[in-house]
């Protein structure tokens, strides 16, 4: 799954930007695998005290008390029939589940949520063979655990197969989960309906009763009944279509490969497609609503290239004969990797050359790469439980880097990947962060696992490990992992084992070391000679939260190293700092270079302190080469002064990514109280001469964030001086920008960012040019093609007049491009009129003109503006109950609404307001980890201002 708001730029600044066989032995495998994959809990007894068991909806004792299902009944195969009615907006369905019993039991527990089960029967394998009718089963329901119990008349016999049949029905959902309805508007203004599924993590149970846990893999044979004006899609290719009385059609699909329930998918719609074939013969089709089929060309081209790449890289063929990618008009995540039928937000799949920018193209490519990687990581090999979702999400995020670099090098995603790591450091440097692997039991807890820690940090530690082991060894290890656990489930240790043993016999040196390099220290060579230590090292990154700080002190040719836990908002002088440092120790694969040589040196820091000897005297040393390591570096003594001097004298002696890393680390260290703000600001002087777009964008992002912080707090003297400094020092590079779509991807993204900043700061030439283009666009009735990279800027300037704002809202409703709609919606959110902002929020809640899927990002964008911050916060408090009717408590949307409307606060009054609101929610039984994250973030903001405001004021007075 790809989670990201369609309107939140992934450069840590909230903006509207688009930025998510093998059938042999199947009869034998289930019996072989039961012992290794499933075990009966030791506490599993049927004679427990009745008082210990929950009560079903009919008042009877429910025979199971755990959130996790018992493993005494294993599903092998589902026959599923579904008939959705897109007029009455409901569906009827039936299923027959083949199960294998491992222990005697008188009940079968499975998941079901909001389904009306009208009939349930049980047949033994022998009864089925002789066509004997099934025996009626009593159904008990326990909604608190989303479980049902099927009570059997006599105990089921171990090692025998049975068939459970059920008839059921339900309404198509109004939200974004289970089997739900979506709508779209045609070019002619007609509203049409489709029915679509989204099951991850625990919503398959809303569409059919099932064993809805990733460990319960099975095969699925699906039949869908529909009207002739619609098509039906599912995971597998269609085998045949049967014509029924009354004009209905019934599509039968091939039986799936063995897979988890959350990957099942089916859709009934009237979409059109564009298709092509990979070099290995897989048919790839891109589906979209009929009027948007012309926006599917790029997605098809990218999908074909990426699928070919993955088959070669993983040395495993994609196991299905087709792969469909479909753009869903109403879809909560960025995308979902259902095997063979990947569902996307329109903004994550469709590309319109007239309205999609360079960053839009990068976004679409990334999300396609992410979901296609899941066809191996997640689908072919699945985590045993949701506590380890990083095994699929971290890998898919990491494979974006590998795959996009290989297939579209011109997109220069290698440079962009730094942001993936920088984004998560913001959260991981708070005490409220969590380990990558963390227990999660309830549906809400499971949903909360879909966050930056699983995705971004997971990807970053994999990239660090790849850099450490070497690309070839790392690739061999993951191929071994995928082949060993195909169609099975895996856990962390299985991955480390595969990566530890990825050295082939021919790879070893005479000394028994799998990788040899003269720049490695002796402890690095020793480590690589002891492959088992991969697990020992990596568990320090997956089982403890946070990020390490490497403190470096140079003394002649000697380097003294010390590691600490890096914490934002908690300073060394604070009483709690020392306690928060205890028991934290990482095995850090260090890299460093010096002013004397381009050689990259390597060393593993496994202790709190260590000493390194340099081969020669050097004026500076730079750790974390290319920012491949997941750690912050602080240079004590004159270390920072020497690096800043080098940047000012000749910044090109430091590698481009190292310059980005230095800018990032220096400002992060200010937030941790380890450096004064003036030291970090002094570093920005050199940016006048910087030609690398990533470094320029990194520096500008911090300066711009300070400006917005002052603007929201109405600290006008500082905000005006910051504006003056930005326009004074960056005017040459701003004035060099053309209002066009020319240049490399990074040239274009820099242009968008610089011109947006200039117009935000009311730079007269920028405002004048944007207003001129907007007037021409209005006069052309929206037909003028404005360069896509400046489209959002032009719309934002135009939205500042009532006539412009109203016209944009009209165009938003008429537009057939989701990319353009995102840019318009961002522009509308920049209005300084609160009644207009409130209208946008109301339209988002209603969900017709502005789809509810965009509400979280809309609130986030409005809250960042001085005129919108209180409005958005008040709206959330007053409409919390209504918001929970639209989004699940643990959903990404709810978490984004909470953080997006509160995390920018920086006063004690606001901290108290937010704290009281969270306490009131917890009193009602609603608890989320994001509550503590937000409170810590606001506290961090308060402390940042207290510590740095006088310095910022003084520095600006001297430098403007």
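Note that Cβ sites are derived from N, Cα and C of the backbone, with glycine treated the same way.
Residue 371 (active site, proton acceptor) falls within a helical segment according to DSSP. Counting every protein chain shown, 30 other Cβ atoms lie within 10 Å of the Cβ of residue 371 (active site, proton acceptor). According to Swiss-Prot, the feature active site, proton acceptor maps to 371.
In sequence order, 1, 262, 263, 333, 336 make up the list of same-chain residues 6 or more apart from residue 200 (substrate binding site) whose Cβ falls under 8 Å from its Cβ. Per Swiss-Prot, substrate binding site is recorded for 200, 334, 335, 336, 337, 338.
The feature Zn(2+) binding site is assigned by Swiss-Prot to 370, 374, 393. Around the Cβ of residue 374 (Zn(2+) binding site), a 10 Å sphere holds 24 further Cβ atoms from the protein chains shown.
Around residue 460 (disulfide bond), taking its Cβ as the centre, 29 other Cβ atoms fall within 10 Å, counting all chains. Under DSSP, residue 460 (disulfide bond) is assigned to a helix (H, G or I) in the three-state scheme. Positions annotated as disulfide bond by Swiss-Prot: 421-460 (among others).
According to Swiss-Prot, the disulfide bond annotation covers 759-766 (among others), on the basis of experimental evidence. Around residue 759 (disulfide bond), taking its Cβ as the centre, 25 other Cβ atoms fall within 10 Å, counting all chains.
In the three-state DSSP assignment, the secondary structure recorded for residue 85 (N-linked glycosylation site) is strand. Around the Cβ of residue 85 (N-linked glycosylation site), the number of neighbouring Cβ atoms within 10 Å comes to 15. For 85 (among others), the entry in Swiss-Prot reads N-linked glycosylation site, with the evidence type experimental evidence.
Mapped onto three states, the DSSP output places residue 119 (N-linked glycosylation site) in strand. The N-linked glycosylation site annotation in Swiss-Prot covers 119 (among others).
The N-linked glycosylation site annotation in Swiss-Prot covers 219 (among others), and the record cites experimental evidence as its basis. Residue 219 (N-linked glycosylation site): 17 other CB atoms within 10 A of its CB, across all protein chains.
Secondary structure from DSSP puts residue 405 (N-linked glycosylation site) in a helix. Taking Cβ-Cβ distances under 8 Å and a sequence gap of 6 or more within the same chain, the neighbours of residue 405 (N-linked glycosylation site) are 413, 414. Look at Swiss-Prot and you will find 405 (among others) tagged as N-linked glycosylation site, backed by experimental evidence.
DSSP assigns residue 650 (N-linked glycosylation site) to a helical segment in the three-state reduction. Sequence annotations record features per position, and here Swiss-Prot assigns N-linked glycosylation site to 650 (among others).
DSSP assigns residue 455 (site 'Transition state stabilizer') to a helix in the three-state reduction. Other Cβ atoms within 10 Å of the Cβ of residue 455 (site 'Transition state stabilizer') number 29 in total over all chains. The site 'Transition state stabilizer' annotation in Swiss-Prot covers 455.
Note on the topological domain 'Cytoplasmic' (1-20): mean pLDDT across this stretch is 42. For 1-20, the entry in Swiss-Prot reads topological domain 'Cytoplasmic'.
As annotated by Swiss-Prot, topological domain 'Lumenal' applies to 41-960, with the evidence given as sequence analysis.
Annotated transmembrane segment per Swiss-Prot: 21-40, in sequence order, evidence recorded as sequence analysis.
Compute the center of the Cβ atoms of 370, 374, 393, which mark the site for Zn(2+); besides them, the chain residues with Cβ within 8 Å of that center are 1, 2, 337, 371, 373, 377, 378, 392, 395, 396, 397, 399, 455. Annotation note: residue 335 (substrate binding site) sits in a strand segment as assigned by DSSP. Checking the recorded positions (85, 119, 393) against residue 455 (site 'Transition state stabilizer') with a 10 Å Cα-Cα cut-off leaves 393.
Closest to residue 337 (substrate binding site) in space, going by CA atoms and restricting to the recorded positions 119, 219, 370, 374, 393, is 374.
Using a 10 Å Cβ-Cβ cutoff, residue 338 (substrate binding site) registers 29 neighbours. For residue 85 (N-linked glycosylation site) paired with residue 338 (substrate binding site), the C-alpha to C-alpha distance reads 23 Å.
If you compare Cα positions, residue 334 (substrate binding site) sits closest to 371 out of the recorded positions 119, 219, 371, 460, 650. Candidate recorded positions: 370, 374, 759. Nearest to residue 421 (disulfide bond) by Cα distance: 370. Residue 370 (Zn(2+) binding site) has its Cα within 10 Å of the Cα of none of the recorded positions 119, 219, 338, 460, 759, 766. Proximity note: of the listed recorded positions (119, 219, 335, 338, 759, 766), 338 have a CA within 10 Å of the CA of residue 374 (Zn(2+) binding site), given in sequence order.
Reduced to three states, the DSSP call for residue 200 (substrate binding site) is coil.
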